[in-house]
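*Asks:* Pulled from TrEMBL, these are the listed features:
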- 18-410: domain 'Major facilitator superfamily (MFS) profile' (DOMAIN)
- 20-40: transmembrane segment (TRANSMEM)
- 60-78: transmembrane segment (TRANSMEM)
- 90-110: transmembrane segment (TRANSMEM)
- 116-139: transmembrane segment (TRANSMEM)
- 151-172: transmembrane segment (TRANSMEM)
- 192-213: transmembrane segment (TRANSMEM)
- 234-257: transmembrane segment (TRANSMEM)
- 269-289: transmembrane segment (TRANSMEM)
- 301-318: transmembrane segment (TRANSMEM)
- 324-348: transmembrane segment (TRANSMEM)
- 360-382: transmembrane segment (TRANSMEM)
- 388-409: transmembrane segment (TRANSMEM)
- 415-434: region 'Disordered' (REGION)
- 417-434: compositional bias 'Basic and acidic residues' (COMPBIAS)
């Protein structure tokens, strides 16, 4: 492994090509998830012949929930382990487990409903050793003045990976058709997506094994800081869990729109996801490349995002045309896209010795929100269809009410105006960063 140059005695910097590999790992994980999500409906229908549309909807929700349940369980474990043995080592283990859990899904003995449930939990467990650890690595080995741009890069790659998912579906259908003499089934396409995702994951594993510098793979010597979750961190955890709950159920609702709008094709569903990802990508770029988070208090950005997302979900709940449906998707994506980067950006300011635990805790909160959101979203859409979007706005209304009624809680979401310490850098004993 190569040794990275140090800018100071306490900071070992990532080289640009090392950052590219780390961002590519996030891209691959996001692309694999985004590509497989639209395939569940057809595959589950094959595994459960005769199941009603509502039953399939519930299974899709529960299956997505099992994936995020794995993230929920794995994130604290991998975060604590990374602080002890090194972030890089945990990252490689996570990629090995991710690829292995995908390939096992192709084993005929596991091609059952309960087999897929089990393997999605396993995949989520190992994904928890990749995405949060990449964020911790970038935060740990990046000067504060460059963190905004690098987190923008990570956020952009995650969203671009989700956008790439539908394109991976097209490739998978072509591969499946070629492998089966022109016949393509939902199960065969899903299996082709799994194979392609595993191949990309293996490439990332090999690339990162060869390019991660040794100081990053090794644990930081003498780092014995014990992380403490202060009020601001607790606020970020609650915010992360609630917003990801809504976002998970919202995304699942997009997948199930085809059952509500007769004639809606998979291509149109993919377009909805593309619109969502493009909106969030644009907001992500606006926040970080304009340094808006250092100019505007975080609680103000969060409140604005909550209002916009509530409007979007309300439009989705009561729309009567495709135009309003797409408008609702855009508003919801922009609103949540304003909030989530604030959470990750501020959490990256944790002390260096506890970054793994901090990012793991944040991922666990998001995993809990996604697990509950996926399960609730599948059940709500099966029972209430379009009206379910109005119920999804309720947690956001509650958060907005807390921000307005209790300014002290809103102040716990740190902003970019904290005073600097004597060393010229912002304090890192809280969750604010440059």
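For all residues, glycine too, the Cβ spot is worked out from N, Cα and C.
Remember, TrEMBL labels are computer predictions, not curated facts.
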*Asks:* Which one, 151-172, 192-213, 388-409, has the most C-beta pairs under 8 Å toward the transmembrane segment (301-318)?
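*Replies:* It is 388-409 that shares the most Cβ pairs under 8 Å with the transmembrane segment (301-318).
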*Asks:* In the same chain, which residue numbers or ranges, 6 or more beyond the ends of the transmembrane segment (20-40), come under 8 angstroms Cβ to Cβ?
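*Replies:* Residues packing against the transmembrane segment (20-40) from afar: 14, 59-60, 63-64, 67, 91, 95, 98, 102, 127, 130-131, 134, 137-138, 153-154, 157-166, 168-169, 172, 186, 189-190, 193-194, 196-197, 200-201, 203-204, 207-208, 211-212, 251, 255, 266, 269-270, 273.
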*Asks:* Which bits of the chain, at least 6 residues beyond where the transmembrane segment (388-409) starts or stops, bring a Cβ under 8 A of a Cβ in it?
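*Replies:* Here the qualifying positions are 235, 239, 242-243, 245-246, 249-250, 253, 299, 302-303, 306-307, 309-310, 313-314, 316-318, 328, 335, 377, 380-381.
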*Asks:* Six or more residues beyond either end and a Cβ under 8 Å away: which residues meet both conditions relative to the transmembrane segment (60-78)?
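*Replies:* Here the qualifying positions are 33, 37, 40-41, 44, 90, 94, 116-117, 120-129, 132-133, 248, 252, 255-256, 356-357, 359-364, 366-368, 370-379, 381.
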*Asks:* Which sequence positions outside the transmembrane segment (192-213), separated from its termini by at least 6 residues, show Cβ-Cβ distances below 8 Å to it?
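*Replies:* For the transmembrane segment (192-213), the sequence-distant neighbours (Cβ-Cβ under 8 Å, at least 6 residues beyond its ends) are 1-4, 12, 14-15, 17-18, 21-22, 24-25, 28-29, 31-32, 35-36, 39, 88, 91-92, 95-96, 98-99, 102-103, 105-106, 168-169, 171-173, 175-176, 179.
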*Asks:* Give the mean pLDDT for the domain 'Major facilitator superfamily (MFS) profile' (18-410) on the 0 to 100 scale.
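*Replies:* It averages 79.
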*Asks:* Are there residues at least six beyond either end of the transmembrane segment (324-348) with Cβ under 8 Å to its Cβ atoms? List them, or say none.
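*Replies:* 135, 138-139, 147-148, 151, 155, 232-233, 236, 239-240, 243-244, 246-247, 250, 254, 257, 261, 272, 275-277, 279-284, 287-288, 293, 298, 301-302, 304-316, 355, 358-359, 362, 389, 396, 413-414, 431-433.
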